[in-house]
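Report on the following structure.
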Amino acid sequence: MFSPADNIFIILITGEFILGILGNGYIALVNWIDWIKKKKISTTDYILTNLVISRICLISVIVVNGIVTVLYPDVYTKSKLQIAISTFWTFANYLNMWFTTCLNVFYFLKIANSSHPLFLWLKQKIDMVVRWILLGCFAISLLVSLIIAIVLSRDYRFHAIAKHKRNITEMFHVSKMLYFEPLTLFNLLAIVPFIVSLMSFFLLVRSLQRHTKQIKLYATGGRDPSTEAHVRAIKTMTSFIFFFFLYYITSLLVTFSYLMTKYKLAMAFGEIVAILYPSGHSFILIILNNKLRQASVRMLTCIKITCVI
């Protein structure tokens with residue numbers, strides 16, 4: 001039997017899982033339908049589609065990890081399961097981070113204005129090389145996840161020895177301690193793509209400032225399309241920074257939770273907050289993307305009419 005706190009955790013994480021799958025699945029579905037109709041897909045939609053697929057994987061791994069560690073800690077003490085979950089989490093986490101970074105860099109290159117030769121060269125080449133860049137991100141994520149699987153597997157013998165010397169609760173702490181150092185290290189390495197996204201954000205803000213100074217010379221009475229594009233992209237990046245900050249902090253909380261007296265509560269809280277990043281940011285993408293927002297309005301209108309009939 002689960003405690004009231006466990007039931008609340010189950011309700012919250014299930015609700016977040018459903019919303020995350022619906023939000024990311026909706027983006028993938030709209031882009032896929034548009035791809036079928038037009039027989040081609042834009043670079044933005046291509047990156048978005050790959051991004052939401054990686055987020056669906058990340059959401060699934062977070063939910064599985066949360067349910068197992070919070071509700072069935074005795075099952076989690078099995079080293080092979082820990083290795084499998086940690087490996088898949090690392091792969092999905094890195095893939096999502098790099099794909100998000102690609103989207104942020106793409107926004108910057110397409111929207112920002114600059115006369116720098118390197119910027120102009122990247123602006124011309126980005127559409128042609130984006131598929132190779134995403135493939136490279138996939139390869140990096142796969143390599144990192146394989147490395148962590150190898151590193152964690154080395155502790156299997158020590159884990160097997162500890163199994164005969166400690167009870168379930170103590171062994172849970174031991175097993176978490178085994179994976180603390182490599183997981184923390186690879187958590188820190190995820191800062192690299194985030195720094196690239198942060199640089200793109202500040203450069204885009206700088207581009208908007210320069211553009212605003214230029215249009216002030218002309219009393220147009222409103223914002224031009226370039227300004228609107230800058231603002232939408234900056235809002236998207238700002239929401240990403242906010243959600244990623246929450247995700248990163250709570251991921252570290254989950255990693256360090258074995259040091260806390262109430263590790264189960266810390267673990268549950270960390271998992272619930274962490275899933276907000278891959279779920280919540282996707283809804284921001286829908287709101288700030290004209291095509292996705294208009295498609296959602298049409299869909300909701302059809303649902304409303306169907307319910308009335």
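Here the Cβ of each residue, glycine as well, is placed from N, Cα and C on the backbone.
Looking up ASN113, ASN167 in Swiss-Prot, the residue bearing an annotation of N-linked glycosylation site is ASN167. Per Swiss-Prot, TYR72 and VAL308 occupy opposite sides of the membrane [differing topological domain names]. The recorded stretches the transmembrane segment (83-103) and the transmembrane segment (8-28) do not share 3+ CB pairs below 8 A when only pairs 6 or more apart in sequence are counted, and are therefore not in contact.
Secondary structure counts, DSSP: the topological domain 'Cytoplasmic' (29-50) has 18 helix, 0 strand, 4 coil. Here the topological domain 'Extracellular' (261-266) has Cβ contacts under 8 Å with residues 5, 70, 73, 173, 253-254 of the same chain, all six or more residues outside its ends.
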